[in-house]
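Novice: From TrEMBL, for reference:
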- 66-98: repeat 'ANK' (REPEAT)
- 99-131: repeat 'ANK' (REPEAT)
- 132-166: repeat 'ANK' (REPEAT)
- 343-375: repeat 'ANK' (REPEAT)
- 409-441: repeat 'ANK' (REPEAT)
- 475-507: repeat 'ANK' (REPEAT)
- 511-543: repeat 'ANK' (REPEAT)
Amino acid sequence: MPLAYCIESENQEIFDCVLDAMKSTDQFECETQSNLIQLAAELSRVQMLKQLHQASMPLDIPRAKDGRTAVMAACHAGTAETVAYLAENNCDVNRIDRAGNTPALLAAANGQLSVLNVLKSHQANFDVPNSEGKTAILVAAGSKDNALETVKFLLDQGCKINVIDNKGNTVASQATSALNWPLIKLLIEKKVPMDIADNKGNTPLMKAITAQSEDGSLTRKIVIALIGYGCSSTVKNNKGNSALSMAAKMGRVDLLTHFAASGKPIMNINRKGKTILMQVAAKNQVDVIRYLHRDSPEENDNKNATDECGRTAVHFAAMKGHPEAIVYLVNNLKCVFDTKDKYGLTLFLLAVREGNEDVVKKLADYGADVNLRNNQGENAVHMATQMRFFDMVKLLERKDCCLDQEDKTGKTPLMIACSNNDSSIVDFLLSRNVLLEPCTKENRQAIHFACEAGGLEVLQKLVEKNVSICCIDSAGITSLMLAALAGSRETVKILLTTVPDLNFVTAKDNYGKTALEYAIIGQNSELLSDLISAGCDVNNRKSNGWTPLLIAIEVGKLRPIAWCRY
């Protein structure tokens, strides 16, 4: 509306004209009035706010969507003059919005000291928690603006310093998360508890260590002060991580050195069984690995320890793609690199699965057994093919990985590539003369997987290699049946053209279904005419007596009258 535009653009002259015109026609609605008052308060348009008030607009109507009033908007914006005008005109300085926020809390969150002083003069309550349990002093402690001065002001007003919100946050944890050194010093001077953990078990010391900062010396200063105050570096959070392990993951050798100097052994095992060495290997913190090797006999003793999945530190370095960490762990700590985790995965297999080619090359150079298999009998080529890592498959071939390996179900990489409809890997494997007709335990061959995926290009490549198309699996299912189920008309046409044999077309599975029934079950009605023309029997009966018509009605994709044309 025009008035809102004038307030936003701060165009006083047009505002005066529009307001006079609207007053003469009495065009204001309650919601419109509330929005205009809120907007003027939020943007600190004091003169316009006064004029709206003089036009009999109420100043203290809450906004429908969140229950906020003009005085709340002004407190959040930080305009003391606006807040003073509203308070002097009987706006409630202790009203709460739908989230339980008071004007004082909103002002404290942004360090608005001048606003807080205005609220003080109008007997505002500074210690009312919102729906999250946060009070003004708690949000002030985490503010980027005037946090120290605001906290001091609120303490002078009698606010509780030991307040804890619904998530377990304290003034101390807010201050350490913000790395507010002056405020932390004040809290220590006032002997405020600095070791209370939040609901996730994280202490203020942990939050200081993990807080993002370009000034490492500031973090160090705070950590040293907290340790000196008696905060524990070994207490664990809900995940079993300690301040020690967090410092290690952050690459803070300087903090580890300080912890060690204060008599703390540099070791920790979290709830998943991960040691500090495992965690820093996953983060590629080579400097920390070097420090642990040199100065932490406890972690050296655990160099080949395993977590709950049976993985060692070098497993994590391989999985996360860190060749530098692997080099140090293998060369200096003499970590074993061909061990398997509980899934049968070696470092080499993990690196392949994650697509880390540099690690794969490094491990192969170290002499890792490139043909070890996991608990399912899959080798590295199986995994690379499953993940569609074409370049990795080529690399593995150069490292003499077996391209024809069968897993425990009999499946080969070629079958997986056909199932994925991955023509690039199929083409590469065929160019390396892999075996074309090995069978799974269900007697399925590569042609079955290609037809099931409906991959035209892959099927064409197999046909060019003279792969047998008429093979039948242990359930009596043919390649034509699977192609009909997949619904690829071009694939079905290639099969019918390549094998113009009525027996192939009319073949039945172990339950008496032909390719025609498979097309119906797959709801691929566009294939019906092709299959019937090729010789499929529209009156075929399954072993349970069901005909194609009954199946079509059951599937619900073909009405009986439509079937009559066949």
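Here the Cβ of each residue, glycine as well, is placed from N, Cα and C on the backbone.
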Novice: Report, as numbers and ranges, which residues of the same chain sit near the repeat 'ANK' (409-441): CB under 8 Å and 6 or more residues beyond its ends.
Specialist: 376-377, 381-382, 384-386, 388, 390, 393-394, 397, 403, 447, 449-450, 452-455, 457-458, 461-462, 465, 467-468, 471
Novice: Going by DSSP, how much of the repeat 'ANK' (409-441) is helix, how much is strand and how much is coil, in residues?
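Specialist: Within the repeat 'ANK' (409-441) the tally stands at 16 helix, 0 strand, 17 coil.
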Novice: Report the DSSP secondary-structure composition of the repeat 'ANK' (132-166) as helix, strand and coil residue counts.
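Specialist: In the repeat 'ANK' (132-166), the DSSP-based counts are 16 helix, 0 strand, 19 coil.
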Novice: Can you name the far-off residues of the same chain, 6+ from the ends of the repeat 'ANK' (99-131), with a Cβ under 8 Å from a Cβ of it?
Specialist: 66-68, 71-72, 74-76, 78-80, 83-84, 87, 93, 137, 139-140, 143-147, 149-150, 153-154, 157-160, 163, 165
Novice: Under 8 Å between C-beta atoms and at least six residues away from its ends: which parts of the chain pack against the repeat 'ANK' (343-375)?
Specialist: 309-310, 314-315, 317-323, 326-327, 330, 337, 383-384, 387, 389, 391-392, 395-396, 399-402, 405, 407
